[in-house]
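Trainee: One structure follows; several queries about it will come next.
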């Protein structure tokens, strides 16, 4: 965050800079804005976005145990490598958190992303061998599995009921002190690429928190936006939507543009800013920096492939990367028409992944889910398909439809077909698109020696009226109740579109503002910045709207 003073008329306070541009508005909240924010909080509570004090304390206790566990293990390995007793005693080691938990926006029952940081004499092979075995012997550790060949290697487990994804990084330090700060770029010097990737989550999360003007306003706004995105089925980095860090950076940029606004106002401004944003101009929280460590960074001036990214959102920590590099093309369409509530398709593909054991099933669905965006891309390239939208939530297979395997998961992909002129009926063959996807998954599984007997993928075309055959009865009943409530809410939703400004629809999600009646925070913007210090295509000019005038 930088603050710069500019000369102003009438002895006014200098305008502050948060991020790469000046703020749009420094206005402080009015009483009605605080009322809206309180109502926003109350509207979110039924959806489980806030944990109780007992649950928070339980997480802290589990992390404390894990931190002690890591220090104990590092001391044992240090002793086995004949380090002096004084060094063994002070060798340290530490657990860092990142992601939603570190940002302070995790929901009830959410997992914790964590990083084990060790000194230079602790090898990655030690982590996936001796530490893994130490975890296995612990009574409170359940569902333990290692994914050593992943892009970012990880050990997954449940510790006293809390799901934890634990990464590993060793630093070029003799010991790891408790007050270690990971934000310094010099820590990356002489590290292998896997350690740099593992450190990236913590470094990005910490940098986001450092760059926002008000952490509490940021957190409450991000909780609201995440809930909105999840309920509309557009929250999943793995499936080609925006993931948690991307949503966090968009909210952080909104906070920089309105540094004194409270959450209710920021929710409104979020939709205002990004319904007008001219992609592919990147979203940046700070000017990119070069730390002279020769690591690859996102820069379309140097890397031709970066010029083809659809909607770059650039991480603020070195080495800067585009967090949306694998976004699917139709997501840009979804974001551009931000007032979309949901798509109701008449045709669906039910994708089923099954395995004969629970352990195999966990491995198998992880791989299948990571490749679903390949299937979506195949479908969208079909000349007869206008939209393929996967629901990020998977469902257990119903007894009537799964095969002899007991462990089954299903995903549903909605498909919209083009309307053809002068043609009453056209037979559309999706065999090639689906076969290409299944071949990719089986080939990947074979390459990493994962494929085992009983692991299968099936894709079935069904119509909307047939979906109830594939879902558990209790889920169908619950969906009917939710649908009635959603219809009631949607009737109250009003899109704030001026007849004189049809090109920039601004929507406030009914989830929040329907609770508040017809009022909304007033908009006193004087402009919305779109220009970027890194040109991607043509320079982006600020858009003048009636609202800005």
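Just so you know, glycine gets a Cβ as well, placed from its N, Cα and C.
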Trainee: Which of these ranges is annotated region 'Disordered' in TrEMBL: 498-523, 524-549?
Mentor: 524-549
Trainee: Can you find which of 54, 165, 178 TrEMBL lists as binding Mg(2+) 2 at the same site as 111, 113?
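Mentor: Between 54, 165, 178, TrEMBL records just one in the Mg(2+) 2 site with 111, 113, namely 165.
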Trainee: Could you measure between residue 226 (ATP binding site) and residue 165 (Mg(2+) 2 binding site) for me? Cα positions, answer in whole angstrom.
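Mentor: Computed Cα spacing between residue 226 (ATP binding site) and residue 165 (Mg(2+) 2 binding site) is 20 Å.
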Trainee: For the C-alpha pair, I'd like the distance in angstrom between residue 113 (ATP binding site) and residue 165 (Mg(2+) 2 binding site), rounded off.
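Mentor: Distance between the two Cα atoms comes out at 5 Å.
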Trainee: Using DSSP with the three-state reduction, classify residue 226 (ATP binding site) as helix, strand or coil.
Mentor: helix
Trainee: Pop the Cα-Cα gap between residue 165 (Mg(2+) 2 binding site) and residue 244 (ATP binding site) into the table, whole Å please.
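Mentor: Roughly 15 Å, rounded to the nearest whole number.
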Trainee: Reported in the order helix, strand, coil, what are the DSSP residue counts of the domain 'Poly(A) polymerase RNA-binding' (346-407)?
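Mentor: Computed counts for the domain 'Poly(A) polymerase RNA-binding' (346-407) are 23 helix, 18 strand, 21 coil.
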Trainee: Could you give me three numbers for the domain 'Poly(A) polymerase central' (217-329), the DSSP helix, strand and coil residue counts?
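Mentor: Counts, helix then strand then coil: 49 helix, 6 strand, 58 coil.
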